[in-house]
Amino acid sequence: MGKILLVVAALLIIGGILGFIVDRRRLRNVVFVLFGLGIGLIGLLLYNDDGRGVSGPLAIVLLIMVIGPIIGYPILTVFLLANGVMMILRERRSLGNLLSLFLGIVLAGLPIASVVAVNKLDNKAGGMVLTGIFGIAVYFGFCFLVVLLASFAYRRIPMTLRGKYVIVLGSGLKGDKVPPLLAARLDMAMAVANQQEPPATIIPSGGKGTDEQISEAEGMARYLHNHGIDESRILLEDQARTTQENLINSRALLPAPDTHVIVATNSYHVFRAAMLTRQLKMDAQVVGSKTAAYYVPSAFLREFAAMMVQFAGPNMVMLSAWTAMVVSVLVIL
């Protein structure tokens, strides 16, 4: 049995790697690799089972898997709470900017809530409640790990950038000025565009918000021009209100819908933007500019939440199935 599982694990890992090579914008590539590693670990346990227990490197791996979450949980909780406080001090108090603080509070309160729930219920019911909470937490934790690893692999594994057009995804202006977050996107876009031969055309994309004096596209165009980009290389898209509209409207300005493009955004936003380009059947590569370290946790959590909403159907099916199973067992007991 152990050998069979090892073969299955190898096939899954190879499938995930090949899938990444073909199109690195798919989440399933990471899912395949993680499932392959998990099945491979079980296969190794069975293959090396001689009745004397686990020893050597395999025992170290298992020990890390057990101790890691125990040590990591409080560290992650403290980190998120500290980051949340820093976000309050440095950024405006919006729901998106408070996500790290909110998650830190949830993680801090979860053990307490679990103990209270168990004490209020009998042993069997309390055990099932804990099982349900644990299962939901594991599901979201696994989803977060998949998104985190997929985002990391997309950005960190080198790719050759090529394209005659660079789309810059807009974000808010301060009046008619480009703030640092958006300036970083534009700096990245200029660097990439100037590396192309001939230099690529830049498409700043973004409409006018209620608190903005001009459209984001116009503000970005001014920034580009002030930093040496000739107006002939700037093509404005000034109607978009969302990332999806940024891409759809910018695609309409291209010579053909299947024209290869490079999309510039911030580091935390890269993978979701890449997924959107795939969803829209765009031939695109996405690059990300550096973002202040303190800003990344809340921003990435915001991206994760958006992806979970994007795949709300499958998530609801999985969570409903798990809840139904727990309730059924509780009723039977």
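The chain as shown is numbered from 1 upward.
Glycine too: its Cβ is placed from the backbone N, Cα and C atoms.
It should be emphasised that the depicted structure is a prediction, and the values quoted were computed from it without experimental measurement.
Per TrEMBL, the feature transmembrane segment maps to 6-22, 29-47, 59-82, 94-117, 129-154, 311-332. According to TrEMBL, the domain 'DUF218' annotation covers 165-305.
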### Query
Which range out of 6-22, 29-47, 94-117, 129-154 gives the transmembrane segment (59-82) the most CB pairs under 8 Å?
94-117
### Distant-in-sequence neighbours of the transmembrane segment (6-22), which means Cβ under 8 A and at least six residues beyond its ends
28-33, 35-40, 43-44, 47, 153, 157
### Query
Reported in the order helix, strand, coil, what are the DSSP residue counts of the domain 'DUF218' (165-305)?
65 helix, 26 strand, 50 coil
### Task
Quick one: average pLDDT across the domain 'DUF218' (165-305), no decimals.
93
